[in-house]
């Protein structure tokens, strides 16, 4: 900066990505901000996120089902359908990011770090997590019923040449409920590691295109790997029940949704949030100290930036 210039260069904003310490601070602030919303606002944001998951799971199911045509399936199996399904589904997370919607699985990381840093109380933590989970369920299942089911897009056909979309969803649902409890928990852990990393990428990468690509491939990885995501499964398995696929309520809710919920929570709150808190907890303390003085220029700049971002939410 030249002497006497009224313009200053923000050492944070000129970078396209944050440091590891800055990313953690952003994660805590992001989680802390969620506790400030009233219940109805949290619920509306969570329902919207559930709808977005339903919208893109519907599109993914249709796209994958078209490649599940019985003659094609004889040669390539489910591989082509899985590729197309995984390539379509990440759009849901980009919609959630763009609209500021609230997804339970991402909250397992962000809000947990805020809890560990004592920026939210246990009661606030439980309120945010329970409302986000309930709202996601309402949004995903409502879309499954009012759009996917009532439209007849996944209905069963007697003619095998027209039954590939139903068969694709049926086979996915059967596979999901066939896991043992422990297997499902493990697959859910793998899933939410990717989802929470996608959230972390959003908080770390400032370049728009870089952020989109990072989120896209993180979500694509879990979708094509056959991992278990609680909100996506709420849509898929409840739709399978509605169209009378070869699953029942016990298999859906006890054999899949319960262990998936446990595994997703373990991944975000224990596998990721706890180590990050242990590594960077002092960085957040330093960040808080710089709010009142100019001790560390980088953290001071981040403090100003985070406060400006918070005031805009």
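Cβ atoms are placed via backbone N, Cα and C, with glycine included.
Positions annotated as compositional bias 'Polar residues' by Swiss-Prot: 298-313.
Per Swiss-Prot, region 'Disordered' is recorded for 290-313.
Residues or ranges marked as topological domain 'Cytoplasmic' in Swiss-Prot (evidence: a curator's inference): 1-46 (among others).
The topological domain 'Extracellular' annotation in Swiss-Prot covers 68-77 (among others). As a whole-number mean, the pLDDT of the topological domain 'Extracellular' (68-77) in this prediction is 61.
Look at Swiss-Prot and you will find 99-127 (among others) tagged as topological domain 'Cytoplasmic'. If one looks beyond the topological domain 'Cytoplasmic' (99-127) by at least 6 residues along the same chain, the residues whose Cβ comes under 8 Å of a Cβ in the stretch are 24, 27-32, 34-35, 39, 42, 45-46, 48-49, 52-53, 93, 133, 135-136, 191-192, 195-196, 198-200, 229-231, 264-265, 267-269, 272-274, 276-277, 281, 284, 313.
According to Swiss-Prot, the topological domain 'Extracellular' annotation covers 149-184 (among others), on the basis of a curator's inference. Sorting the topological domain 'Extracellular' (149-184) by DSSP state (H, G, I as helix; E, B as strand; all else coil) yields 22 helix, 0 strand, 14 coil.
According to Swiss-Prot, the feature topological domain 'Cytoplasmic' maps to 206-210 (among others).
Taken from Swiss-Prot, the feature topological domain 'Extracellular' applies to 232-256 (among others).
Feature annotation from Swiss-Prot assigns topological domain 'Cytoplasmic' to 278-313 (among others); the stated evidence is a curator's inference.
According to Swiss-Prot, the feature transmembrane segment maps to 47-67 (among others), an assignment based on sequence analysis.
Listed as Cβ neighbours of the transmembrane segment (78-98) (distance under 8 Å, sequence separation of 6 or more from its ends, same chain) are residues 49, 52-53, 55-57, 59-61, 63-68, 72, 168, 171, 195, 198, 202, 212, 215-220, 223-224, 226, 232. Feature annotation from Swiss-Prot assigns transmembrane segment to 78-98 (among others); the stated evidence is sequence analysis.
Feature annotation from Swiss-Prot assigns transmembrane segment to 128-148 (among others); the stated evidence is sequence analysis. With a cut-off of 8 Å between Cβ atoms, the residues of this chain six or more beyond the transmembrane segment (128-148) that come close are 34-35, 39, 42-55, 57-58, 61, 102-104, 107-108, 111, 120, 154, 230-232, 234-235, 238-239, 242, 261.
Cβ atoms under 8 Å from those of the transmembrane segment (185-205) belong to residues 16-18, 22-23, 26-27, 30, 93, 97, 103, 105-106, 108-110, 179, 211, 214-215, 218-219, 221-222, 225-230, 259-268, 271-272 of the same chain, restricted to positions at least 6 beyond its ends. Taken from Swiss-Prot, the feature transmembrane segment applies to 185-205 (among others), supported by sequence analysis.
Per Swiss-Prot, transmembrane segment is recorded for 211-231 (among others), and the stated evidence type is sequence analysis.
Per Swiss-Prot, transmembrane segment is recorded for 257-277 (among others), and the stated evidence type is sequence analysis. Beyond the ends of the transmembrane segment (257-277), by six or more residues, the same chain brings 24, 27, 104-109, 112-113, 116-117, 133, 179, 181-182, 184-193, 195-197, 228-230, 233-234, 237 to within a C-beta distance below 8 angstroms of the stretch.
Proximity of distant same-chain residues to the topological domain 'Extracellular' (232-256), defined by a Cβ-Cβ separation under 8 Å and at least 6 residues beyond the stretch ends, is recorded for 50, 53-54, 57-58, 61, 89, 136-137, 140-141, 143-145, 148-149, 154-156, 166, 169-170, 172-174, 176-177, 179, 181, 184.
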